[in-house]
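What Swiss-Prot says about this protein:
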- 51-362: domain 'AB hydrolase-1' (DOMAIN)
- Ser157: active site, nucleophile (ACT_SITE)
- Arg227, Asp358: substrate binding site (BINDING)
- Asp324: active site (ACT_SITE)
- Arg326: site 'Important for acyl-CoA specificity' (SITE)
- His357: active site (ACT_SITE)
Amino acid sequence: MPNQLPADSVGLVTPQTLHFSEPLELACGISLNEYDLVYETYGQLNAAKSNAVLICHALSGHHHAAGYHRLEDKRPGWWDAYIGPGKPIDTNKFFVVALNNLGGCHGSTGPRSINPATGNVWGADFPMLRVRDWVASQARLADALGIDTWAAIIGGSLGGMQVMRWSIQYPQRVRYAVVIASAMKLSAQNIAFNEAARKAIISDPNFHNGDYLAHNTLPKNGLAVARMIGHITYLSDYAMGEKFGRDLRSGSFELGIAEPVEFQIESYLRYQGDSFAVSFDANSYIRITKALDYFDLAREYSDDPVLAFQGAQAKFLVVSFSTDWRFAPQRSREIVDALVGANKAVTYAEIESKHGHDAFLLPDARYEQVFKRYLASVEV
């Protein structure tokens, strides 16, 4: 971190925890009798409580979206480029709420939490989740914060799925919906990538059918491979080629040299996998990717996406990125077509970017411009 906080930073922030004792019935039929949600806020809630913005995170995201926890932190929250004074999600204007979803591993109730019914860690017994469950818990968080209606709900990737679900599950509580690099349902290829990642986890001898904590071990190798698989899909071929090409980290192609060749991209992927394996939970990963797979916005509407959006009241911004092949621009155009068919107000932008799916997280002048101008139109 620099010697002083950047002028456009939200500054030092402290996570907060809310405990909920009213049971939450999940889509799977199981109820969580009590649970915690960890969240952060940036900016000030106005007297009318009309300026609140909810940030919905993606697979590996969490509540720390902006600012710093300590002056010693090496990097800010995961979306700091877009949240702060004068930034697209302007904290001089908006009161921003970011949370860690249920089933995660960054403080909200999840597989690593204690099951109050047994006194033991939930582990493999933690129930499977759906996107609608996250949205229901987020609505309860809004109630606890005194927020009847969100000025905007914003999310990328899996976060965008939550935004869409909000727009049809609680239509009267969302004024603007920003859906970034997302889809109304996963493709077969996406489901296949998720299953390959899960297979890597459950094949790790240290997984113990999900009860690894009871065995005082962690399936780090399996989780690392799962992250490597996922990370490949977040990058574009162009970006990988430009950054790494066929450059070597060690070894040589010269004849007569026995030392094994290691490419830079191999080293990079191993680093990403190993880092993730010590910061994330395998049971959380399995549940979150399953929620991704299960999501299908139109399923309960006779598979008609136009009908699914019929009751939505929000105005929409849909954003895609040209080299994103995990959630390709065509998937975003399908969202737009459904919204147009349902006669909803929608703005669409396809951003030229070389960074693939990860582009929604990274600084980009055009993306920032579109984002900023759209949110400037939101009246509070």
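Cβ from N, Cα, C; glycine included.
Non-local neighbourhood of the residue listed as 'active site, nucleophile': Ala58, Leu59, Ile180, Ala181, Ser182, Arg326, Phe327, His357, Phe360, each in the same chain, at least six residues away, with C-beta under 8 Å from its C-beta.
Counting in whole angstrom, Arg227 (substrate binding site) lies 18 from Asp324 (active site) by their C-alpha atoms. Note: the Cα of Asp324 (active site) and the Cα of Asp358 (substrate binding site) are spaced 8 Å from each other. Per-residue pLDDT, averaged over the domain 'AB hydrolase-1' (51-362), rounds to 96. The Cβ of Asp358 (substrate binding site) lies under 8 Å from the Cβ of Tyr234, Leu235, each on the same chain and at least six residues away in sequence.
The Cβ neighbour count for Arg326 (site 'Important for acyl-CoA specificity'), using a 10 Å radius and every protein chain shown, is 23. Secondary structure from DSSP puts Asp358 (substrate binding site) in a helix.
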